[in-house]
Amino acid sequence: IVAVDCSDYPKPVCSLDYMPLCGSDNTTYNNKCIFCNAVVDSNGTITLSHFGKC
C-alpha cells in the first residue's frame, strides 16, 4: 500500500514543485501539497493511487 502523510495539511499555499501523484479520483496532482489539500477537502475520500501521473 502506498501512502502519503497529510497530517501537516491543509496549507494555504503550495509550492510549484512538480512531483506528480495519482489520486483515487483518477486526477493527477502536481505535488504532495496539492494532493494533500485535496485529501483534506474531500474528508479523506481521496487516497493515493500511485506515484506519477494517472
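Backbone N, Cα and C define each Cβ position, glycine as well.
If you look up Swiss-Prot, you'll see CYS6-CYS36 (among others) marked as disulfide bond. In the three-state DSSP assignment, the secondary structure recorded for CYS6 (disulfide bond) is coil.
A helical conformation is recorded for CYS33 (disulfide bond) in the three-state DSSP classification. According to Swiss-Prot, the disulfide bond annotation covers CYS14-CYS33 (among others).
The disulfide bond annotation in Swiss-Prot covers CYS22-CYS54 (among others). According to DSSP, CYS54 (disulfide bond) sits in a coil region rather than a helix or strand. Sequence-distant neighbours of CYS54 (disulfide bond) (same chain, 6+ apart, CB under 8 A from its CB) are CYS22, GLY23, ASN26, THR27, THR28.
What Swiss-Prot records for 4-54 is domain 'Kazal-like'.
What Swiss-Prot lists as N-linked glycosylation site is ASN43. Summarising the environment of ASN43 (N-linked glycosylation site), the number of other Cβ atoms within 10 Å of its Cβ, over all protein chains shown, is 7.
Sorting the disulfide-bonded residues CYS33, CYS36 by the number of other Cβ atoms within 10 Å puts CYS36 first. Neighbour density for CYS6 (disulfide bond): within 10 A of its CB lie 18 other CB atoms from the protein chains shown. Cβ environment of CYS14 (disulfide bond): ASN31, CYS33, ILE34, ASN37 lie under 8 Å away, each six or more residues apart in the same chain.
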